[in-house]
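Here's what TrEMBL has on this protein:
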BINDING   G12, V13, G14, K15, S16, K17, R131  ATP binding site
BINDING   S16  Mg(2+) binding site
BINDING   D34, R61, G83, R147  substrate binding site
Amino acid sequence: MKKNFALIGPRGVGKSKVSRKLSKITGMPVVSTDMIAVYEIGGISIPDFIQKNDGDWRAFRDLEFRILEKLKSSQGIILDCGGGILFDLDAKGKEILSTRKTELLKSIATVFGLSRPVESLVEKIQNDPTRPPLSAVTSYRNILESRLPFYRNASDFYLDIDDLKVEEICSRILQKIEY
């Protein structure tokens, strides 16, 4: 088993909350790809960075790759990944699976995918001003539905956490890594 583990899944699924609780239980530090990104882009928020780039996520997706590259030699971390960590954009701006980021992530950590029903995720996200739109033309629901199979396929372990408390989610994760 790799010495690091990563939490992936759609925005709003609870990756950050679960990673913080896992950190308290294990003593392992949490490394947030989004927090590193904010630092790397000079402290401006991700929504402001995306807006500054005319709504184009390409530069941010490239930054995520560079962040993962920097984490290659890390040991004993809990990686809290942004919801788009598995994705890039093609030449036309359409979201596609990022083979480069997915392979790199899997080489760094044991990957846990977290999932909740689409309805609860859409409800949680739609009125949150801290989360920039993923697309000017595609609804969050459509993006979410297209991403879900990729989260599942990239995961070493995939957990449906809908009715579980944070402690129960952590317990299941720790059982999988035989902590």
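Including glycine, each Cβ sits where the backbone N, Cα and C put it.
Recorded features from TrEMBL, shown on the structure.
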residue: G12; record: ATP binding site; DSSP class: coil
residue: K17; record: ATP binding site; DSSP class: helix
residue: D34; record: substrate binding site; DSSP class: helix
residue: R61; record: substrate binding site; DSSP class: helix
residue: G83; record: substrate binding site; DSSP class: coil
residue: R147; record: substrate binding site; DSSP class: helix
Alpha-carbon spacing, K15 (ATP binding site) to G83 (substrate binding site), which is rounded to whole Å:
9
Among the binding-site residues K15, K17, R61, R147, which residue has its Cβ surrounded by the fewest other Cβ atoms within 10 Å?
K17
Compare the Cα of V13 (ATP binding site) against each of the binding-site residues R61, G83, R147 and report the nearest.
G83
Among the binding-site residues listed here, G12, G14, G83, which has the most company in the form of other Cβ atoms within 10 Å of its Cβ?
G83
